[in-house]
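Contents: one structure, followed by commentary.
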Amino acid sequence: MDLYEYQARQLLEEQGIDVPKAVFAQNSHEVAEAAEVIGYPVVIKAQVKIGHRGQAGGVRIAHNRDEAILVAEDILPMTIHGHKVSGVLVTEAKNILHEYYVSISVDRSSRDFDVLATANGGTEVEEVAKQHPESVKRLHISALEDFDLDAATKMAESIGFYHADSNQAAQILLNMWRCFKENDATLVEINPLAKIGDPDDEDSKTLCALDAKISLDNNAAFRHDGWKRFADPIVPDPFEQRAREHNLHYVHLRGEVGVIGNGAGLVMSSLDAVAFAGEDQGTGVKAANFLDIGGGASAQVMSESLEIILSDPQVESVLINVYGGITSCEQVALGILEAIDQLGASKPIVVRFDGNKAAEGLQILADANTPNIHVCKTMGEAAALAARLGAHGKEEQQ
Amino acid sequence: MNVFIEDNAPVIVQGITGHQGMTHTARMLKAGTNIVGGVNPRKAGETLQFEDAEGNTVNVPVFATCQEAKDATGAQASVVFVPPKFAKDAVVEAVEALFEVVVVITEGIPVADSAYFVELALRKGVRIVGPNCPGLLTLPETADSNGVNLGIIPDGIVSRGPLGLVSKSGTLTYQMMEELSDIGFTACLGAGGDPIVGTTLLEALQAFEADPKTKAVMLIGEIGGNAEQDAARWAAEHMTKPIVAYIAGFTAPEGKQMGHAGAIVSGGKGTAQDKKDALEAVGIKVGRTPSAAAELMREVLASQA
């Protein structure tokens, strides 16, 4: 789960890392009030869980109340790269002398944690790594060991913090590590970690986290009270919301073919197969969603899943692709019929069963003799038929 | 020695008395796996009854700890069906008891916990498979031995043959086993769909390369991370046996977790196309669908014959 900047900075602040004064606001009145408290000029930053918001006009400076209200009214209704702005962070403007980048993340390849830092901060670290690979320093922390002040100091010195800052930088790295561990984060990134202050006054210079990105491990929610304090104020997609209430793995996509399967890999593979078929047939038809009913799904789970899919107005046809391992195709068949019965659904449903109780499941469907159920022998045939029926439905609507 | 573990190896089940543990212990025994005990500290001393492949009653004693179970039974492997909250302690206990193989089926373990027990296992020379995986299936080397079915892979899809299979996904494993069931396998390993796993795609390739009976390997990857790229890089230098691959998730959107905790494209990294390119760059053929990958495997085998 990604956090908003205003939530991420709160976690850094809890570990004693300096952040600028800031207030989260959700309307122009709150923005003006916050700016009065902080003092002009202020930076007003869109709160969205996506990068490059600056280029999209989501970060602006305001020098007085009128400007602050205008900027707030500009940014608050924005949708940036498909993400609706949830509010703005009103922050004090700082005089930036230099920008660094520091992050700690899970390293999937080396199966440990990765501290990354460079004195060329402020931009995407991937870009820096391409242009100045020598400036990016990396340190691995084993899951069996800890990150201590010694290691943090060495790291801080290696990236070329100006001498006076390296003690503070080391402390920040150490506090970031605590933030990472204590919150079960998968990423803690400060970019920029800025040196701020009066260029002519050495004593005024200090390091401050001007922007932060934190991702938390969904699997660890059970030991953090379900991450309740980070509940997203943006109402999620209504279909994703319904699926979540039923504990289903669902992702809403833009396409015509509703897809249901068991197992994440098989469902992903089904989405690809539908899109390839749409390409081959020249219709450009794609999957409308990802929905994994999981292992050992009951008829009820299947029926709820199909109800969610069929309530999506963009869905013209449905592909149900099940390889029964623990899951019984018999249960899946019963669930399909139950949903059709309850909804009186007439959209075409293409079914492919294999594995556990596949013959029994197909028999149940055959006995029901429902005209809109089509059975295919292989996943490829099923995806092709579902794509064709999806394109047909779309044409009829137009 | 078969791939990963020897035939007829004695096995224990952690979390045996739970619903999952009971269901799959019964299944594994029916599949011919030599289950000799279970672990649950609260039910230690009890004996559970199951049936083996021939329908004979099998008494499975429950022990308080992994070490006790190992000492009493000589078990070489453990299968873990313990819920996420308690999984770290359970797996650490199994690693410290020094089983050769510990298969972790549990889905939903925090990545910090997995990182911990995986690193511990690497240091102690214990092979962890998973977490969040369907397990490990080996097919018997001889007519009078039994392979192991450790986890939830359905029995009876495949028999012994020259292929090795490693996959990040459960149902795609079964799908591919079915596609190539006429050729058969030495072993099928579900590596798991989490960001950190005990046996990576690369390590599975190493094991199949070292096994003299395996002649070719099918690799099934999916979006997220670099495991496929790491495997491709290693294979380019060290693998003498042909590999055919399939990758799922070409149409997965950026930033969305597709079911598995590890299946996510973030910051433009971990895409299916990147993985396909990396594999093809070192001469590994990649099928567009599971069936197409199976077809490529047939061609590879035919060209070798």
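Glycine residues also receive a Cβ, built from the backbone N, Cα and C atoms like all the rest.
Predicted, not measured: the structure shown is a model, and the values here were computed from it.
Cross-referencing A:N218, A:N219, A:N247, A:N262 with the substrate binding residues that TrEMBL gives (A:G325, A:I326, A:T327) picks out A:N262. Spatially close to A:I326 (substrate binding site) yet at least six residues away along the chain are A:G295, A:G296, A:N356, judged by Cβ distances under 8 angstroms. The candidate set comprises the binding-site residues A:K94, A:E99. Of these, A:E99 has the most other Cβ atoms within 10 Å. Listed in chain order, the extra residues whose Cβ falls within 8 Å of the Cβ center of the ATP site residues A:K45, A:K94, A:E99 are A:P20, A:V43, A:T91, A:I96, A:P192, A:A194, A:L210, A:D211. Filtering of the binding-site residues A:D211, A:N262, A:G325 by Cβ separation from chain B (threshold: under 8 Å) yields A:N262, A:G325, ordered along the sequence. Neighbour counts were taken as the number of other C-beta atoms within 10 angstroms of each residue's C-beta; across the binding-site residues A:N191, A:N262, A:T327, the minimum falls on A:N191. When averaged over the domain 'ATP-grasp' (A:9-216), pLDDT in the model lands at 93. Other C-beta atoms found within 10 angstroms of the C-beta of A:K45 (ATP binding site) number 24, with every protein chain shown included. When the alpha carbons of A:N262 (substrate binding site) and A:K94 (ATP binding site) are compared, the span between them is 52 angstrom.
Following the DSSP three-state reduction, the secondary structure of A:N191 (Mg(2+) binding site) is strand.
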